[in-house]
């Protein structure tokens, strides 16, 4: 089957499997607990809240079940839980579905598919630029399906397990496992990205309601404001144009000019696990805030809130440790404030929920600590980078300028949401904004995440801390902007003041440019993106070769593609067997850097130099490799006397050959 058609079908199947594995179990949890006023919600709101509860609670539950009994048991548990909610969910679906809802859902599914599937022309395979991260998502999903939890390291074959926050991938693993040959790690990830987007709408609905700041604003206008704002990015398009003028080249990903603050659509297709972490963190805080606002909640209500919050906080830790750090800091500040106000019962609920979450998250967090051997502190002090200052001055003047311009940095990154936040605080007095605990939590989360993102960075490869912790502030800024717009309604119509309208258009331009860049990156003159484009004909051949290997070679046989390029993707996107060493970034999941460097030194010459068969076999066996995947780009391919051609291949294609190491001899 054509790769594009196969991927498109896989995305649709994966999305549909999200109904029994994510939506219905979340709906059942809502009916069971009644959290966030679930039972009293309108039909459509209940479905969105069900998606929120599924994404925000199930990862913690499923990870425990998978560790105890495996992926099939977790799939059965989710299915059984969802079955209890099938009939009421169907009634809600019949009530809420209309053409507009279906059109928006289809549009969102199309955006997800566009960003994540391959384009197969019949002779070449064009991958989206998201493969930079998608290789990790697909490979980790495959590892969980094959070996359970904690997952094996999909980038570096070793006895230890991967040291990574894996709970989002428990859901993708369930979809992949149930989907069989119709779904793979890539399409399962796409399906979960779709449902995370709906869960985001569910969170915004509940958060806006919990703040009590909308007053008598028409729900239709509020929903319209949310949908108009969600696609908008920051002002990165202006930085891209400035960078183009200075460098003469186009950068396909606009947020890379500055320290990343991704727009919501980009976050959902690049890093939905971090978005899910933000949803889970906010869900836990909202569950406790709802009870804190009541004068005399019943013990049952308190117990439910503590249980849901503890589970949500545990899921937050397993979904994104960086977002969890921001959530924990905000919760700690809230705890102090509750203590100062002598609201001991609310403080106790928060403390107990925190202890419960620590117990539930312990298996995941301990596995991360036990299986990371890269050493050093994962977090260090650093002033947030501001792209326009790069190369302008040296330290210490650079850090001083970054501190002074940090507010401007965030304004550029947030765009219309920064302006909407300032407008909100002009229109709404602080006493009113903080009248309910949810409103106060918006301020606490925004402050905590912006401070963490402004003065700390993660030390593992990229600055994921700085890029992801600000998701908490992005939620707050979006809510504040919607509230501000709701207070400017005239004659039942939304009104965007001139500045907000301009920033909204620039935000759309940033998002549109980024999504065009997902496919048009090969036209960029940047060397890194030219290398990423590579050889589409070989990528197509590799996809077919790995599909063949998955059917005809042992699943535990270590297959090795060339690790010479700085980044290698096909093994993780399409392969089912483990790999010896992925590439120079094989330490992502915690492998010792010295072990990665040593194996690269052993394996790279196989594909880079012209060695004899005996030496190739020695090096491969030293690395534990069972078969070699060689392409027309590798140095030995061009010599008819090389080991590639002198020994029998178990798979042969005009552009790719797979050779068993045991067959190599001289």
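Using the three backbone atoms N, Cα and C, a Cβ is placed for every residue, glycine included.
Sequence-remote contacts of a segment are chain residues at least 6 beyond its ends whose Cβ falls under 8 Å from one of its Cβ atoms, and for the transmembrane segment (12-29) they are 35, 46-47, 49-58, 75, 78-79, 81-86, 88-89, 92, 109, 171, 174-176, 178-179, 182-183, 187-188, 190-192, 194-195. Annotated transmembrane segment per TrEMBL: 12-29 (among others), in sequence order.
Marked as transmembrane segment by TrEMBL: 36-58 (among others).
Sequence annotations record features per position, and here TrEMBL assigns transmembrane segment to 64-87 (among others).
Annotation source TrEMBL lists transmembrane segment at 99-117 (among others). Outside the transmembrane segment (99-117) by six or more residues, the chain places 4, 7-8, 11-12, 15, 44, 128, 130, 134, 186-187, 189-190, 193-194, 197-198, 227, 265, 268-269, 515, 518-519 with a CB less than 8 A from a CB of the stretch.
The feature transmembrane segment is assigned by TrEMBL to 188-209 (among others). Sequence-distant neighbours of the transmembrane segment (188-209) (same chain, 6+ residues past either end, Cβ-Cβ under 8 Å): 10-11, 13-18, 22-23, 36-37, 45, 48-52, 54-56, 105, 108-109, 112-113, 116-117, 134, 137-138, 141, 168, 171-173, 175-176, 179, 222, 226, 230, 264, 268-269, 272, 275-276, 279, 282-283, 286, 438, 442, 475, 478-479, 482-483.
Sequence-distant contacts of the transmembrane segment (221-242) (same chain, six or more residues past either end, CB-CB distance under 8 Å): 104, 200-201, 204, 208, 214, 250-251, 254-255, 257-258, 261-266, 387-388, 411-417, 420, 478, 481-482, 485-486, 489, 492-494, 503-504, 506-511, 513-514. According to TrEMBL, the transmembrane segment annotation covers 221-242 (among others).
Taken from TrEMBL, the feature transmembrane segment covers 305-338 (among others).
Summarising the annotation, TrEMBL assigns transmembrane segment to 350-370 (among others).
Summarising the annotation, TrEMBL assigns transmembrane segment to 408-428 (among others).
What TrEMBL records for 440-460 (among others) is transmembrane segment. With a threshold of 8 Å between CB atoms, the same-chain residues lying at least 6 positions outside the transmembrane segment (440-460) that come near it are 207, 211, 259, 282, 285-286, 289, 322, 325-327, 329-330, 333-334, 337, 374, 376-384, 406, 410, 433-434, 466-467, 469-473, 475-477, 479-480, 588.
Taking Cβ pairs closer than 8 Å, the transmembrane segment (466-486) reaches residues 203-204, 207-208, 211, 213-215, 217, 221-222, 225-226, 229-230, 259-262, 264, 267, 271, 274-275, 277-278, 281-282, 320, 322-323, 325-327, 330, 384-385, 413-414, 416-421, 423-425, 427-428, 442-443, 445-446, 448-450, 452-453, 456-458, 494-496, 500 in its own chain, all 6 or more past its ends. For 466-486 (among others), the entry in TrEMBL reads transmembrane segment.
If you look up TrEMBL, you'll see 498-521 (among others) marked as transmembrane segment.
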Candidates 36-58, 64-87, 305-338, 408-428; stretch with most C-beta pairs under 8 Å toward the transmembrane segment (498-521): 408-428
Ranked first among 64-87, 305-338, 408-428 for CB pairs under 8 angstroms with the transmembrane segment (36-58): 305-338
Residues of the parent chain within Cβ reach of the transmembrane segment (305-338), under 8 Å, 6 or more residues beyond its termini: 33, 35, 56-61, 63, 165-168, 273-274, 276-278, 280-285, 287-288, 290-292, 297, 344, 346-347, 349-361, 364-365, 368, 440-441, 444-445, 447-449, 452, 458, 464-465, 468-469, 471-472
